[in-house]
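Got a structure for you, written out below as structure tokens; questions coming shortly.
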Amino acid sequence: MNHSVVTEFIILGLTKKPELQGIIFLFFLIVYLVAFLGNMLIIIAKIYNNTLHTPMYVFLLTLAVVDIICTTSIIPKMLGTMLTSENTISYAGCMSQLFLFTWSLGAEMVLFTTMAYDRYVAICFPLHYSTIMNHHMCVALLSMVMAIAVTNSWVHTALIMRLTFCGPNTIDHFFCEIPPLLALSCSPVRINEVMVYVADITLAIGDFILTCISYGFIIVAILRIRTVEGKRKAFSTCSSHLTVVTLYYSPVIYTYIRPASSYTFERDKVVAALYTLVTPTLNPMVYSFQNREMQAGIRKVFAFLKH
């Protein structure tokens, strides 16, 4: 049951300095367009090319969809607010944004772990890859990703909706996220904080450890490669993947592992930008555009568009 007496929230945005609004607007617009178009290109390439049918490309397609939902649920509203100075969001709109963002956050973390496992099987058991990562396994893994993400998002959104917001209603952030909403609550938030800790430990820290374990086995397998060029290419791919994963998990763990009383929103807004915009922009470049088959698929898309 919703006990809220607040019908809308005021979003302060990234900065209160008017002279920086133009620069921030342009930066976020460009990065959002790069993220959106990059991920959309992956989706089109996967759908258009029948050769991209292995589980890895299904996971990349799913990651692209998740990244588009993550950025689109936040950035357009933020840019619109900066253009019109209409910095309010309805209670329902705020809860919807929170649900979509929390869903994408959970889905992305579990997807990173799933993709790391897929690469582990492909590199460490190449002869058995098609047997292990068959259609049923792929469907099961994707179902697990969606189930965990939806459950995580539903629980956190429901716990936020049970809180009483009686004023003030000003969110010192650029979107509706759990920490700033907890800071506005007039009712106890202990249960919310406990569930955030549980989710952070199981999803963020747990998935990060599992992902690192998979890449650890991959690195051991790479060390057995005899050619220097083969090792170099494999290490280059692994290091870029681990960089993106670390860049994503670190700010998420940092943001959600602390009690609400310790939040410093000026700093946390910059940290949030890493996992809401920077990582979704880097994902296509690191995971897809370096792949030869995906490059060939993208070239086919551009060739089709020319005709």
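Note that Cβ sites are derived from N, Cα and C of the backbone, with glycine treated the same way.
Features from Swiss-Prot:
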DISULFID  CYS94-CYS186  disulfide bond
CARBOHYD  ASN2  N-linked glycosylation site
TOPO_DOM  1-22  topological domain 'Extracellular'
TOPO_DOM  44-51  topological domain 'Cytoplasmic'
TOPO_DOM  73-96  topological domain 'Extracellular'
TOPO_DOM  118-136  topological domain 'Cytoplasmic'
TOPO_DOM  158-194  topological domain 'Extracellular'
TOPO_DOM  215-234  topological domain 'Cytoplasmic'
TOPO_DOM  256-268  topological domain 'Extracellular'
TOPO_DOM  290-307  topological domain 'Cytoplasmic'
TRANSMEM  23-43  transmembrane segment
TRANSMEM  52-72  transmembrane segment
TRANSMEM  97-117  transmembrane segment
TRANSMEM  137-157  transmembrane segment
TRANSMEM  195-214  transmembrane segment
TRANSMEM  235-255  transmembrane segment
TRANSMEM  269-289  transmembrane segment
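I'd like these features described in context: how deep, what's nearby, how far apart.
A coil conformation is recorded for CYS186 (disulfide bond) in the three-state DSSP classification, outside any helix or strand.
Helix, strand and coil residue tallies for the topological domain 'Extracellular' (1-22), in that order: 5 helix, 4 strand, 13 coil [DSSP].
For the topological domain 'Cytoplasmic' (44-51), the number of residues in each DSSP class (helix H, G, I; strand E, B; coil) is 5 helix, 0 strand, 3 coil.
Taking Cβ pairs closer than 8 Å, the topological domain 'Extracellular' (73-96) reaches residues 4, 6-14, 21, 24-25, 28-29, 32, 104, 157, 160-161, 165, 171, 174-176, 181, 276-277 in its own chain, all 6 or more past its ends.
Distant neighbours of the topological domain 'Cytoplasmic' (118-136): 54-56, 59, 214-215, 217-218, 221-222, 234, 241; these residues of the same chain sit at least 6 beyond its ends, with a Cβ under 8 Å from one of its Cβ atoms.
Long-range contacts of the topological domain 'Cytoplasmic' (215-234) within the same chain: residues 116, 119-120, 123-124, 241-242, each at least 6 residues beyond the stretch ends and with a Cβ under 8 Å from a Cβ of the stretch.
Model confidence over the topological domain 'Extracellular' (256-268) is summarised by a mean pLDDT of 67.
Beyond the ends of the transmembrane segment (97-117), by six or more residues, the same chain brings 56, 59-60, 62-63, 66-67, 69-70, 73-74, 77, 89, 141-142, 144-146, 148-150, 152-154, 156-157, 160, 175-178, 181, 199, 203-204, 207-208, 210-211, 214-215, 218, 241, 245, 248-249, 252, 275-276, 279, 287 to within a C-beta distance below 8 angstroms of the stretch.
Within the same chain, residues 55, 58-59, 62, 95, 98-100, 102-107, 110-111, 114, 117, 178, 192, 195-196, 199, 203 sit at least 6 positions outside the transmembrane segment (137-157) and bring their C-beta atoms closer than 8 Å to a C-beta of that stretch.
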With an 8 Å cut-off on Cβ-Cβ distance and a minimum sequence separation of at least 6, pull the same-chain contacts of CYS186 (disulfide bond), or say none.
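Within the chain, CYS186 (disulfide bond) has Cβ neighbours under 8 Å at LEU163, THR164, PHE165, CYS166, GLY167.
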Looking at Cβ-Cβ distances, which residues of the chain lie under 8 angstroms from CYS94 (disulfide bond) while being 6 or more apart from it?
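Residues satisfying the criterion: GLU8, PHE9, ILE171, CYS176, LEU181.
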With pairs restricted to those 6 or more apart in sequence, evaluate whether the transmembrane segment (52-72) and the transmembrane segment (23-43) have 3+ C-beta pairs under 8 Å.
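Stretch pair touches.
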